[in-house]
Amino acid sequence: MNAQKGFTLIELMIVIAIIGILAAIALPAYQDYISKSQTTRVVGELAAGKTAVDAALFEGKTPKLGKAANDTEEDIGLTTTGGTARSNLMSSVNIGGGAFATGAGTLEATLGNRANKDIAGAVITQSRDAEGVWTCTINGSAAPGWKSKFVPTGCKE
């Protein structure tokens, strides 16, 4: 009598089914992880802008996106000379909320470009009050798959 060598077809089919079930469970969790890590990354990239804004204000200059037109302005480094966001996860970066004329203002980044489709369109806002205190808020209403768990530590919705 010959001994069996290898696997039967049914055994291989069972293994493939198990792998398929595990992949179906893992993929959505992985997508959520990617969305949160990308959101956290953009908050970190805006932190560099916050530091540059504080430094410009300390020197008596007006923070600006793009090349400074004169000695009273300071480029905070979040955009290229062409005006596009340096980060491949941001579709736009803006200065608003008074443009730091009195020390208060906002840095706003809209997620887009290479950001995960679930978070594209969300707006991350770093707001500075006149005393120099920064707060982070995220508006995910424009993002098609936004979930509250994408909000990184230190920010609020």
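A Cβ is built for glycine as well, from the same backbone N, Cα and C atoms used for every other residue.
The local packing around PHE7 (N-methylphenylalanine), expressed as other Cβ atoms within 10 Å of its Cβ over all shown chains, amounts to 11. According to its DSSP assignment, PHE7 (N-methylphenylalanine) is coil. If you look up Swiss-Prot, you'll see PHE7 marked as N-methylphenylalanine, on the strength of experimental evidence.
Among the features that Swiss-Prot reports, disulfide bond is placed at CYS136-CYS155. In the three-state DSSP scheme, CYS136 (disulfide bond) falls into the strand class. Long-range Cβ contacts of CYS136 (disulfide bond) within its own chain (separation 6+, distance under 8 Å): VAL43, LEU46, ILE124, THR125, GLN126, SER127, GLY154, CYS155, LYS156.
Around CYS155 (disulfide bond), a 10 Å sphere centred on its CB holds 17 further CB atoms from the protein chains shown.
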